[in-house]
There are 2 protein chains.
Amino acid sequence: MPQLGLLPRRAWAALLSQLLRLPCSSCTQAVRCHSQVAGAVLTSQLKAHQKKPNFIIKTPKGTRDLSPQQMVVREKILDLVVSCFKRHGAMGMDTPAFELKEMLTEKYGEGSGLMYDLKDQGGELLSLRYDLTVPFARYLAMNKVKKMKRYHVGKVWRRESPTIVQGRYREFCQCDFDIAGQFDPMIPDAECLKIMCEILNGLQLGDFLIKVNDRRIVDGMFAVCGVPESKFSTICSSIDKLDKMAWKDVRHEMVAKKGLAPEVADRIGDYVQCHGGVSLVEQMFQDPRLSQNKQALEGLGDLKLLFEYLTLFGIAEKISFDLSLARGLDYYTGVIYEAVLLHTPTQAGAEPLSVGSVAAGGRYDGLVGMFDPKGHKVPCVGLSIGVERIFNIVEQRMKTFGEKVRTTETQVLVATPHKNFLQERLKLIAELWDAGIKAEMLYKNNPKLLTQLHYCESTGIPLVVIVGEQELKEGVVKIRSVASREEVAIKRENLVAEIQKRLSES
Amino acid sequence: MPQLGLLPRRAWAALLSQLLRLPCSSCTQAVRCHSQVAGAVLTSQLKAHQKKPNFIIKTPKGTRDLSPQQMVVREKILDLVVSCFKRHGAMGMDTPAFELKEMLTEKYGEGSGLMYDLKDQGGELLSLRYDLTVPFARYLAMNKVKKMKRYHVGKVWRRESPTIVQGRYREFCQCDFDIAGQFDPMIPDAECLKIMCEILNGLQLGDFLIKVNDRRIVDGMFAVCGVPESKFSTICSSIDKLDKMAWKDVRHEMVAKKGLAPEVADRIGDYVQCHGGVSLVEQMFQDPRLSQNKQALEGLGDLKLLFEYLTLFGIAEKISFDLSLARGLDYYTGVIYEAVLLHTPTQAGAEPLSVGSVAAGGRYDGLVGMFDPKGHKVPCVGLSIGVERIFNIVEQRMKTFGEKVRTTETQVLVATPHKNFLQERLKLIAELWDAGIKAEMLYKNNPKLLTQLHYCESTGIPLVVIVGEQELKEGVVKIRSVASREEVAIKRENLVAEIQKRLSES
């Protein structure tokens, strides 16, 4: 993990005054202070740092670097996710990190306040993207694309209060899969749930459950409970917190803060406790109040069909119809879903990791139309994998089990036991590189053999090619296996072929 | 290429007034207008759009989406670049898209003005990263890392005037490789040049040349020509433009705009016309003025050693010592280099593509020390591949030669010639997915067989699995080769094995 380097006031003052007072003629390679502009900037920097004596070298709040070890884990997870998306026929695409601010406003409901805006530096007003869904809808409308199955892996940014323990960051990576186009009902929706199951199974995160609901059922429920239409969106946001807050606290928020009548809240309370399989769908069809609402009936009809397809896919037992699921984002219009892990896969004794949902999504049939000049709609359904949370779980598991990862893929170290063999090593290693073999050497004129062998052991390099005086004289090189310590001499001209043979066998 | 959708004023007014006037009870799935907040936002939006009648759906200035076709090309290029970095033993890592603003100031010289700042939303002052080098130096200092060989692929942002024809964007991808640590001279530097050669050869972009110089030689040249030290940085910026501007224009800028004495400019002019191989290094050692400058002599000594190693690597003929190379960024302290293509690889008659440099880098021994509380230095050398420009060349070449790329990897389409076979198709495709086979089906209850076969042809899917009434009765499925149109019936239970066999053969 990155350590924070605390920079004491005195050290900064010393460093900076050194920089500023250096006569330019003795300007070191390290510091180019001969520019007047630079000097001015340094002066203002100095002031800034003196005002902040506890200046710390750090990444911005809620963000982090990924170390090489973390990067390896991250890439394994992303590879698995992307290969699943490709298995389902998705194409890749990319959009800029920022969008015109007006493209993003009025898409996220209460979340909009968490958007990162760019400073007005005399051009367009821009914001960092908040998710990958709205840029996708903008792309479809802009290019008049009516049908597309795409995945997108990229960073998004939200100015949330970071509680890093829970795996929440202000910069995080999303992996999205979406199907855009006018199709027969629930077939693409069912595939999205199948994909979520395949990914969560593939990552071996332990048992999981996917909660399913429909925005039309949520709205219908609000209507029959007596929620004023003007409060639908904000009450929806409150309900969305039920996975993190107890019902009584959510109820309090709705009544005390959002002015909902207590009896209305209690009626909602009866519904949001319901969850179950397809039988609950049937039961809700019979519900005296809900069955009077046209929207809710549409939602229930679609859920019934969805469960039929999920059964054919063999994943129905992983899905729970859950009336407490609301999803925070404003753009959903139909089926919504969210995957939660049922237990943390760490060993007994390890700190249990609270992770929240690890994947989520839903149907948003109106979003593209909001961008289209004529309001032409392109129905869409999709899902997003919460890689950061999954990453935290996998990292925790690796710590628990003491798993180590190699951070490089180097196959061969080119080494020598003798002095003045740099030239030979350089010739040898260029030959290996040109043959596509992953090779390293120590960047020293005369490294010690032991140092070279230790480097292999500490970084996991399996083979060493050794050239010394004797070898040079005989026109051979030695190949050493780091694991067995066995060495064999082979003809210099057979080196590449021999290495390739050994690597293909291992 | 994305098309811009022009949104006429009248269409917007109509759309928005429709949204605003819709009674909430008839709220469609498409537009959730039941929130008071949403209403307020829409009203202000309406005003904004009325002020701007030519509102256009677009990406921000200087940025672009990557379509699936472009994404395939991009990923091929990145795969080649990253596999070269891994061949040289580099580890991956990542840093946030933005940094504390104070981390980035006073690192780039005249480029600093092009940084994207984030709006002050009541937290830290942040800027989008301008390159991957300064974040790397910050990472090293923050984690007290003294030695590291890493690569980093990521986007960076610069508010340049975009001249998109030349492949310059405000958001662009960089692929960096850097070696940090105290090593014997020029060994890591030579490896960086070897890597640039391997990548440019691998990408088959045609003939190229790598210009090499040393910042100490540049500074020494300025000193012996009589440039005042206060003007070193800004004159360096002017010299850096010599690849895009004629000497007479650069001279004019230095004299008229930057106040350099004409005779000083002319002395510089004599030097910057010099380029050649190692013999030019020898020649400069004898130069009556330059040989009096200690810094320049150090630089020349290192270049001589560098050429020795480049010869051992077999790449010396690709390298040109060029006194006009200056590199714009302030942080370089030693060897600098820049790769240029010698001709454009498009066919005769095609528009020649001006691309500028496609890779560049150098030594920056002082940057880490600027972040370290005690000023401890970590010498670094590295390179950056300009993927956007390379991407433009490859894309242009593909257009010229009419090359097509598949945007999906789907191996099998599950199809039916009959109505009411959705359930069978769903069961079949789930079986294929669970076996890791890349499969698609049309999202229709009853698609026409011809439509399904056309889909295979237009997207390049090689195999079709067909299930119909006859097949269901006999417990078989048909496998059809799209290319040969041959069909064979196989037992239903052998489907996965048979498909896997066919795919491994092809």
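Placement of Cβ uses the backbone N, Cα and C atoms for every residue, glycine included.
Those TrEMBL annotations? Automatic predictions, nothing curated.
What TrEMBL says about this protein:
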BINDING   B:ASP131, B:LEU132, B:THR133, B:ARG158, B:GLN174, B:ASP178, B:ARG327, B:TYR331, B:TYR332  L-histidine binding site
DOMAIN    B:62-417  domain 'Aminoacyl-transfer RNA synthetases class-II family profile'
SIGNAL    B:1-27  signal peptide
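Shown here: features listed in TrEMBL, placed on the structure.
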residue	record	CB count, 10 Å
B:ASP131	L-histidine binding site	20
B:THR133	L-histidine binding site	26
B:GLN174	L-histidine binding site	18
B:ARG327	L-histidine binding site	23
B:TYR332	L-histidine binding site	28
- [ ] Find the longest CA to CA distance in the recorded L-histidine-binding set B:ASP131, B:LEU132, B:THR133, B:ARG158, B:GLN174, B:ASP178, B:ARG327, B:TYR331, B:TYR332; express it in Å as a whole number.
- [x] 21
Open item on the list: On the three-state reduction of DSSP, what should I expect for B:GLN174 (L-histidine binding site)?
Closed with: strand
Task: In three-state DSSP terms, the structure that B:ASP131 (L-histidine binding site) belongs to - done: coil
TODO: Please report the DSSP secondary structure of B:ARG327 (L-histidine binding site), reduced to three states.
DONE: coil
TODO: Could you find out if DSSP has B:TYR332 (L-histidine binding site) as helix, strand or coil?
DONE: coil
